Amino acid sequence: MSKLDPGVQFNEVSWAPAGGWLAILAKRSNGGNVMFVDTTLQEAKRTNVVEHPGFNKSYWDPTGRYFVTCSTLGGRIGADLGFRLYTFQGRELCRKGLERLSQFKWRPRPPVKLSDQKLKEIKNNLKKTAVRFEREDNEEKNRASQEVVEKRRKIMTAFELIRQKNLKKIAAERELRISLRDGVDTDNSKADELVEEQIMVALDTQKTLAPLGEDELV
């Protein structure tokens, strides 16, 4: 189905638990290359090549969705201990250095408690189930949108109540404002009717001795 290019150095092959995906490794090497290959296609396709210099252990997780390379105690001398986590396609998700790392283990995948007949039924009805789930997701989104609209409506209602209350207060104090402004009703004044008046107030004063001129010294 496929073959490696001449001169490429790898020393181990690791299949995903469910097959389909393949990791070709160069363990205990300076480059520490890992090639991810998709064999589910008509022709095998390389999806990515990553590097983890000096790694000496590697594991697929039980689902076959993740792959990890590790550099542990007892591996290549001088290698930085730690692990790097990838997707099954070879995209790096994270890396972490761990001093004195000696072992890495995935949590076992819990056993499926459904019967073979039930699993077959689920697979056959997968499309119908997906449509139902999508409909429920859309209903949930619409419900969330309605909640946002209702919350905004309540806020606007509360704002309008406060606004009307203040307008009534302003109207009740109109006569008082006119009397305080020497009979001038400024509520209905337009901008061009206003008279601008500037008042300058000295905030601070200082006395300084000015030098006398030649005429003043005579």
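Using the three backbone atoms N, Cα and C, a Cβ is placed for every residue, glycine included.
TrEMBL labels come from automatic prediction, so no person has curated them.
Marked as domain 'Translation initiation factor beta propellor-like' by TrEMBL: 9-103.
Confidence in the domain 'Translation initiation factor beta propellor-like' (9-103), given as mean pLDDT, stands at 92. DSSP assignment over the domain 'Translation initiation factor beta propellor-like' (9-103) gives 0 helix, 44 strand, 51 coil.
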